[in-house]
Amino acid sequence: MSTPEVVREVQSLETYNPLAKQKAAAKLSRIPVKVVQGEILKKPDWIRVKAGSPSTRFYEIKQILRENKLNTVCEEASCPNIGECFGKGTATFMIMGDKCTRRCPFCDVGHGRPDPLDADEPLNLARTIAALKLKYVVITSVDRDDLRDGGSGHFVECIQRIRELSPGTTIEVLVPDFRGRDDRALEILKTSPPDVMNHNLETAPRLYKEARPGSDYQFSLNLLKKFKALHPDVPTKSGIMVGLGETDEEILQVMQDMRDHGINMLTIGQYLAPSTSHLPVRRYVHPDTFKMFEEKAYEMGFSHAAVGAMVRSSYHADQQAHAAGVSDKPAE
């Protein structure tokens, strides 16, 4: 795992270091859209975050991750649920480094020139999962637009190593869009498909230019549709954030688009800005509205919908999968 210089302030041409991990203002100063800050909204009472506690496994998990040179999206993306998840001994592993080739202004994962892939990472990951005796794991990654296969081969290596050491573990992958490489990536994933295939749409198509520069709404939908055609028995999953400026009607349309493309599982959660340099929160969605989204999801035919302010794509992912009908594997 790399330990690059972390830069948070805007850099001049003279001080710009392409090898540094850029965060916050440094990361977002070069995106093609300008992040306009408005009034900072007060967090409502229903937004509550659980902190890590020394009496739980929080610090044990952090130590194990460092010893095995592993990253988690929980840490890199500043997930508000990290205290609860680490405290219960769960984590979402982030492979292929800690520097993303994209600069999405809602995301706190660092940007920069990625390091070469770590050939030892799949085995280190598999050994860690085996040592922790995890029954369900989520593997995600940074975007790796620099790789000819988008990183799909590395995903497959990780899946294979995990299944060798932990054959009873269910594997969910949260993949990038493999922009321009989707057919190649899906062909590679055919050799060792996951148990759950997740790719997040994140927001309504109207907001893609602002929130997901470099990504395409229809491309993301088609990625999951193509995967489902190849693996009809593997559940597909996607997630949406609310609070970026979308309307309720736009969220409902995204949900319907998901169902029209064969997506089985859904997550919807409240967007929380990682810093004042990121896209601002434009509304806090009331619990009653989340309840409406959940009810509509089941009416549309989703096998499971995890909907609520603090829901994230990987939050209680095992419970989401079980509720959608994904069974635990027998230990061998």
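Cβ from N, Cα, C; glycine included.
Straight from Swiss-Prot, the features:
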BINDING   C74, C79, C85, S314  [4Fe-4S] cluster 1 binding site
DOMAIN    85-303  domain 'Radical SAM core'
BINDING   C100, C104, C107  [4Fe-4S] cluster 2 binding site
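Taking Cβ-Cβ distances under 8 Å and a sequence gap of 6 or more within the same chain, the neighbours of C79 ([4Fe-4S] cluster 1 binding site) are V73, C85, R312. Geometry remark: C100 ([4Fe-4S] cluster 2 binding site) versus C74 ([4Fe-4S] cluster 1 binding site), CA distance 15 Å. For the pair S314 ([4Fe-4S] cluster 1 binding site) and C107 ([4Fe-4S] cluster 2 binding site), the C-alpha distance works out to 15 angstrom. The number of other CB atoms found within 10 A of the CB of C107 ([4Fe-4S] cluster 2 binding site), across every protein chain shown, is 23. Counting other Cβ atoms within 10 Å of each Cβ, the lowest count among the binding-site residues C74, C100, C104 belongs to C104. In the three-state DSSP classification, C100 ([4Fe-4S] cluster 2 binding site) falls within a strand.
In this structure, the CA atom of C74 ([4Fe-4S] cluster 1 binding site) is 12 Å away from the CA atom of C107 ([4Fe-4S] cluster 2 binding site). In the predicted model, the domain 'Radical SAM core' (85-303) has a mean pLDDT of 94. Same-chain residues with CB within 8 A of the center of the C100, C104, C107 CB atoms, the [4Fe-4S] cluster 2 site residues themselves not counted, are R102, R103, F106, D108, V109, H111, V142, D143. Taking all protein chains in view, 27 other C-beta atoms sit within 10 angstroms of the C-beta of S314 ([4Fe-4S] cluster 1 binding site).
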